[in-house]
Structure formats: structure tokens, C-alpha cells
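Working notes for the structure below.
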Amino acid sequence: MKNRSRNPRSRPGRRSGAAPRRDPLIGVEVDVKIADIGARGDGLAETTAIGGKSVLVYVDGVLPGDDVRVKLRQKRGDGYGAEVVAINAGVTAHAAAKCPHYDQCGGCSLQHLPDADYRTWKRHRAVQAVMRAGISDAGEAENMVAALETSPPSSRRRADFSVICTQEGVFVGFTERFSHHIVNVSECAVLIPAIVEFRNQFQSFLESLPRETVTIIRNVVANYSDTGLDVMIGASHEPNLDLRQGLAELADHVDLARLAWKVGDHPAEPVAQRRTPQVRFAGVPVSVPSGGFLQATREGETALTNAIANALSRIPARQVIDLFCGIGSFTFPLALTGDRRRVMAVEGDINAVRAMQYAVGKASAPIEVIHRDLFRQPLDADALKDADVVVFDPPRAGALAQCEILADFGPEWIFAVSCNPATFARDMRLLRNGGYELQQVVPVDQFLWSPHLEMFAVLRRTLPVAA
Ligand SMILES: C[S@@+](CC[C@H](N)C(=O)[O-])C[C@H]1O[C@@H](n2cnc3c(N)ncnc32)[C@H](O)[C@@H]1O
């Protein structure tokens, strides 16, 4: 059972003048039996032990069947977050943690689930999302969802570490759950070893610097490209000359492909570029912009592109639109594998668009890349009219504005990729109301032992386009 003891290494908190009004239930202890695991990976229990009123309790690090005494720690949504203070009878068999930081680190929350139960739970999240999209028959939703595609441990190729410097030292890591404390993750069971090794070297490097230098650093993003690690440091100020020199030496020492520095919303500026960070999609090399988006694991990217290719193999598609295309994980395979197809690729990040345009030109690929904010200016009926298939893969917020137009004017086929079951359900519901049939969902787990889930969906229009 997870023991989330308080981490003393916190930022000093601020005190306001007036004492905040305290919720009388905070600090109360109750006995509960865990009934289920919720969407964020905590155990769920309901108790009427407090004044006969039903209270929902979210407990970290427990499994269904666990009988525990918990202390309510904070208000959380429609219930209370709680921590285990004692184990009563009948604790279920918890799996051993895969990582020494599991008790503290908020990156993973489900290592204590036995592997088969974990996979069942994760796939079930996709079934629940399908039901929230309006397929109310549980059997129908169950049949629609394919087997879970998983990524192995030590395969995550992207990490965003928080950095803080306190009286106790320098911290480079992930936040503790439900807190601002940073856990120094000197080992990690999900990240590729090269990223963990870099983190450890980077922490040692920061420990060698004056404190006032380290305090300007906010975070560090590490992307593992095909040509090596691409690192971007986020900071509040520009680095001075000494720091630049030190960073260039660190890049040599750790064999980084590139090390860039980014102040606030300003563009990232390379401090050391030893190789161009690149990835290949369908054999085409594409430069990765500093801090740019990559699918979290190679295996996850392959599972998604295979799912797209399988769905496409049944359709005589000549023209495809790839929305929220990033640097083209799907665009190049769509255009260049199997039958060559014309692809219109749309993306809001100008650095990704430039990287794509350059790669498209070099490869003479049948791809047109368009820079556009699809939240403010979704593609309209005219832009959609020649497409046989639309693929979309939005950020966590989903593709609401675009789906409203697709619902009325979208082509026969839509392939949707989503990293958020909640917005996935909303967008699928919209498309189904517009006359699309949700045919298949493939759940892809790139975020091992976390509640995050990627989903691929195939939709087919069964009602004609709006007049
Ligand atoms: C989940 S990523 C998918 C990228 C790509 N499909 C891939 O697999 O690598 C979402 C992409 O949407 C882009 N994006 C975010 N907001 C956007 C907007 N308002 N308009 C257009 N693109 C946006 C991001 O820059 C990012 O590249």
C-alpha cells in the first residue's frame, strides 16, 4: 500500500492575513471499503459514517476490496481526497512497486495494480468513454473496443521535469500527487534510460551552480529524437555567459543533440547544437522543434499509425486531411505508405509547420502544410468537400469547434485520435448526433501506470451531409 508521507522539500508557502475558513470534515477519520478505481487512478469509496450523510472518498494507492481507515485531506470535486492511516482487515494483493520513488512521485498512480488488472482497468476506461459518447448498451460498447495496445516500461521518450531550488537543495523531477512538492526521480520505470541519465547529470550540474542562478530555471523538457536527446530549459531570465559556457560543456559531456533555452513565451534559443534532432516518419527525416510534440513512445506512435493504416486499407481514399498534424507522425505515413495519397496537413504551431514544410519539400511528398488555429478557425464546408477521410488528433481540450463543422459537412470517414477520454466522449457524441456511426475504438497505452489513455476511433457517415 502506498505510503505518501509528507515531503518536507517544499517551496516556502505564503501566508495570507485572514485564516481561511476550514472545512469541518478535513482531518476526520473514517473506515471505508474500496469499491472501485476512479478515472484518476484512486480507489473510490462511499461512506455515510459522517453524520449519516453520503460522502464520496478518493483514496490514493489502494485497490477494490481494501478495508482501510482514511483521513480526509482535501475537498476534491464531488467528494474528498483521503490518505490511508490504518489498514483494517482483508487487504487485497497489491503488486510490488516498479520504482523506488513510487510512494512519493505523482507521475505514476497504478503500479500497485497487478498487471492483468491494470490492463483490464485501462481498456475499461475506453469502454466507459464510448458509453459516455452515447453508446448506452454496455455489451455494444465492450465489443467496439479492441484489445489494449501497450508500451513497455522504460520506453517514454519525452519528459517535462519541474525544477526548484530550496534550502534543502535542488529538485529536478515530477510533482507529488495533489501537491507542489517536487520529487527527485533519480530512477524511473517509464522513461527511457537516456532521459533518466540526463536528469541525474543535470541535477548534479545545477548543484554546482550558485543558488541565484538555479532559481531562474523553471523546468526542463527532454525529447529523445532519433539523433539523440533534445533538451529545452524553461527559465525566467536569459542565462549569463558563465552559465552558457557551463551548459555547452554539459551538452558535450552528456552528448546532447541540442540544448536550448526558453524565456517565458519567447522562442527557444539554441545554446548548443551538436546534431539536428530528427525523427523519421515513413522514412522521411523531420527536424524536431525545441520542445516540440512527439507521441510519447515509439511503440504508441506505431500502434496509432498501424491503426490508421488498417482502417485506411478498407477505403479507396485519394484525398486525406490531417488536422492537428504536429510534425507529421501520421501525415507522412498517410501520404507515402501503400497507395500514395494527397494529404492536406493543418497545424497551429508555426515551428512544427516550418519543420514539416522543409521535410515535405526535400522528400517531394504529396503534402500541403497549412498553418492555422483550428480552435478559432476550424476548416469550413468548402475546405472539407474534396476529402475522403479526415484524421484529427487534437490536444487534451479536444476538437469541439472542428467537430461542430464535421458533424454537418464532414466526409464519409473520420479517424479520431484523442489523449483525453472526457473530450473524446464529447466530440464523439457531437459527430454521432451529426450522423456518424462510431465503428471501432483502439485504446493505446503510452502512459504506463498513469490514468492517461490514448484512443483511436473510426467513424463512418450514415446520414447525408447537411444541405
Ligand atoms: C496531440 S498533438 C498531435 C500531433 C500529431 N498528430 C502527432 O501525432 O505527432 C496535438 C497537436 O495540435 C497542435 N495544436 C494545439 N492547438 C492547436 C490549435 N488551436 N490549432 C491547430 N493546432 C493546434 C499542437 O501544436 C500539436 O502539434
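Even glycines carry a Cβ here, placed using N, Cα and C.
Annotated features in TrEMBL:
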| type | residues | note |
| --- | --- | --- |
| ACT_SITE | Cys419 | active site |
| ACT_SITE | Cys419 | active site, nucleophile |
| BINDING | Gln295, Phe324, Glu347, Asp393 | S-adenosyl-L-methionine binding site |
| COMPBIAS | 1-14 | compositional bias 'Basic residues' |
| DOMAIN | 23-86 | domain 'TRAM' |
| REGION | 1-22 | region 'Disordered' |
What are the non-local neighbours of Glu347 (S-adenosyl-L-methionine binding site), defined as same-chain residues 6+ apart in sequence with CB under 8 A from its CB?
Phe324, Cys325, Gly326, Val353, Met356, Val369, Ile370, His371, Arg372
State, in Å as a whole number, the widest CA to CA span among the S-adenosyl-L-methionine-binding residues Gln295, Phe324, Glu347, Asp393 given in the record.
15
Round to a whole number and give the Cα-to-Cα distance in Å for the pair Gln295 (S-adenosyl-L-methionine binding site) and Cys419 (active site).
10
If you run the three-state DSSP split on Glu347 (S-adenosyl-L-methionine binding site), which class comes out?
strand
What is the Cβ neighbour count of Gln295 (S-adenosyl-L-methionine binding site) at a 10 Å cut-off, with all protein chains included?
25
Sorry to bug you, but what's the C-alpha spacing from Asp393 (S-adenosyl-L-methionine binding site) to the residue listed as 'active site', rounded to the closest Å?
8
If you run through the domain 'TRAM' (23-86) with DSSP, how many residues end up as helix, strand and coil?
0 helix, 40 strand, 24 coil
For Cys419 (active site), just count the other CB atoms lying within 10 A of its CB, please.
20
Once the chains shown are all counted, how many other Cβ atoms turn up within 10 Å of the Cβ of Phe324 (S-adenosyl-L-methionine binding site)?
22
